[in-house]
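**Student:** Let me give you the structure first, and then I'll get to my questions.
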Amino acid sequence: MRRRATILADLQQHGDKISFKPGDNNKSKLTVSVNAPRQDRFSAPVSNADLDVLNHVADVSVAWGRPSAAQQPVLFAAAYEPGLHVTVVKKQASEPRKWGEEKPSEAAPELVHVAKFLEEQLGLPVDPKTFIESRSDYTYYDPLVGPEAFGHFVDKHSACSDESEEFVNDLDTFNYAQSASFHIDHDKKELVTEVTIPDLEHYFNQKKQHISRACKNDRLEVGIFDLNNLATSYAFRGVAELKGLLHDSTKEKPQETFLVIEPRHNIGAGSVSVDFERPVGLHPKSELKLRHIAIPTDHNDENDGVKHCRLFAKYSAPSSIFFDKYQLADLERTTSEHPNGQGRLLALWGEADLEEPRYHTEGWGSEALVEIFPITDAPEGTPFNLNFTLPLHLRYEEPKEGETYEPNEAPWPLVFWVCAETDEQLANFKQSPFDVTHNSYMRLFPEGVSYHHIGPREANGRGFPLLSTSWGTPVADIDRFAAVRDYTSIMMVAGFLMVTIAILRKVFRGKAMSEELKEKKEQ
């Protein structure tokens, strides 16, 4: 197995203090005397038998994001949705089940193979019936899984050939991971996992980093780079110049190195906060408050930035929520306040039966991609504020004993600009070896685009918030079921009697009037 650790440090300030020191197991363990954000990449060659899942689906990838935010350096700016997300690409596109169609009694056979693959490689017990389906993909979401799944992968593929060889494990740092991913490298026949770890000194007061290769035959590379200021957070496509030291366990001494790359993921200007309008009923509204955001500028063509960048929000909603695509069509309706409309629904997949109670749904939930139309006359690069509201619906929850509310939680949507590239930019594009290519939302866009992610707003100096919205859904109290049933029955009977009496009164009153008229005529 090969391990590559990339550390972003301030070489101008701490360069003379940085060194690579072998640990207890010689070159198999290093202590790096600097603490800064880092990305660990593990690549493990596998056999055809390990990749049997590709006989049933075209691809499988996994992405995980911590439900709390942290400052991300530009080089590791790719945003991850909170929780664990699995994307399975079908071998052939097919239409998903539509509203009103009968549910299949068994999970799709290919998903059974996917569940087995995830269990073997990541230790994830996934129910194949909980996947939701779009025309080209299956997706799965779990808010409770942590970074330990990626440690399971490293443990599995780090079995030393010599049983007497000591297994060196520093995977406890995975507990601090901010994000992680897992994918299949089809060309190299490798399984790859990447883990991004924040500045441990800043968040956890650790001053050194310990990095190891598990066995003597494994390869370990550690790079410490200084990020040049040319890679700005406002750049349409910023150029990052990286200089630093590279340690390779197959070589005797660290080497100076220099890279020029163009990150596909960038940190956009401004911030976002997300919440439901309060109080929350059965028809809540999700509010996005975007502050000091700016349309990314194209530094290669100053008159070209606005028309190439568009703003999106990618939602993942648990089964307690459903999206009404007919109601969301109203986002495009023009008003005096929104002359171009508020936005438009571009993609929606997941649980199809809108009025089905939550306790009858099998899939984990639904996903939606929405384009947001900015209302601004500000030129590109100029900050402005924007509010966006998305109407939602809550499913009926199962009655509970002694409870009138069911606690629920939904992850924040990802909010980002997507900017198209010109042919010249694509031709001169310098691919970053640190780019994330297997995040679920990236399959919704062409390859030749860059992303500018809008991060969460800090909560009044108390640090970053949890990237989730909590609420209570009203439920029936099962303790009061008998009383409510009896009361309802009495009221129904009483109502029936009242209506019957009213009808009979009219009938008898009509007969009496007829008799009266008849008597008058006879007189």
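Any Cβ shown, glycine's included, is placed from N, Cα and C.
For 1-486, the entry in Swiss-Prot reads topological domain 'Lumenal', with the evidence type sequence analysis. What Swiss-Prot lists as N-linked glycosylation site is Asn26, Asn387. As annotated by Swiss-Prot, transmembrane segment applies to 487-504. Annotation source Swiss-Prot lists topological domain 'Cytoplasmic' at 505-523, citing sequence analysis.
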**Student:** Can you check what DSSP calls Asn387 (N-linked glycosylation site), collapsed to helix, strand or coil?
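**Tutor:** Note: Asn387 (N-linked glycosylation site) is in a strand by DSSP.
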**Student:** For the topological domain 'Lumenal' (1-486), would you mind checking the mean pLDDT of the predicted model?
**Tutor:** 79
**Student:** So if I draw a 10 Å sphere around the Cβ of Asn387 (N-linked glycosylation site), how many other Cβ atoms end up inside it?
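**Tutor:** Total other Cβ atoms inside 10 Å, all chains included: 11.
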